[in-house]
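Feature annotations, courtesy of Swiss-Prot:
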SIGNAL    1-27  signal peptide
DISULFID  C35-C91  disulfide bond
DISULFID  C42-C85  disulfide bond
DISULFID  C43-C75  disulfide bond
DISULFID  C92-C105  disulfide bond
Amino acid sequence: MFSKATLFFTTVSRYRDTQAPIPTGQTNQPTTNQCNTGPVQCCDTTQSASDPINIPGMGLVHVSNANGLVAFGNCSPLVSGGSKCNNQAVCCNGTEFNGLVNVGCTNVSL
């Protein structure tokens, strides 16, 4: 025969497992993802990786080991069903300068 404590804990654990998750304030909106490396990014500026980049506050910088395009200036993931990208949508495979510059980018048509 079960003790009262065992019955109590069994009931509480079953009740807890059936409750809805508590909202945390974070939204889990799906991102538009046409890339193998992460979400499609909407960036203010893109240019050839072989050209020096003028980053405000840093001056001209050169990106090493990058092919294709580099993207910089307020890059953010696109959200499905959300706002459209008014600048350039890109798919990138890495970052440099502590995330200020996305490297190895290709244009994405939406």
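Just so you know, glycine gets a Cβ as well, placed from its N, Cα and C.
Of the disulfide-bonded residues C75, C91, C92, C92 has the largest number of other Cβ atoms within 10 Å of its own Cβ. In space, C75 is the closest of the disulfide-bonded residues C35, C75, C91, C92, C105 to C42 (disulfide bond), judged by Cα positions.
C75 (disulfide bond) sits 10 Å from C85 (disulfide bond), taking the Cα positions as reference. Reduced to three states, the DSSP call for C75 (disulfide bond) is coil. Restricting the disulfide-bonded residues C43, C85, C92 to those with a CA within 10 Å of the CA of C35 (disulfide bond) leaves C92, listed by sequence position. Each residue contributes its Cα atom, and for C43 (disulfide bond) and C105 (disulfide bond) these two points are 11 Å apart.
Put plainly, the disulfide-bonded residues C35, C42, C85, C105 were compared by Cβ crowding within 10 Å, and the winner is C105. Under DSSP, C85 (disulfide bond) is assigned to coil, being neither helix nor strand in the three-state scheme.
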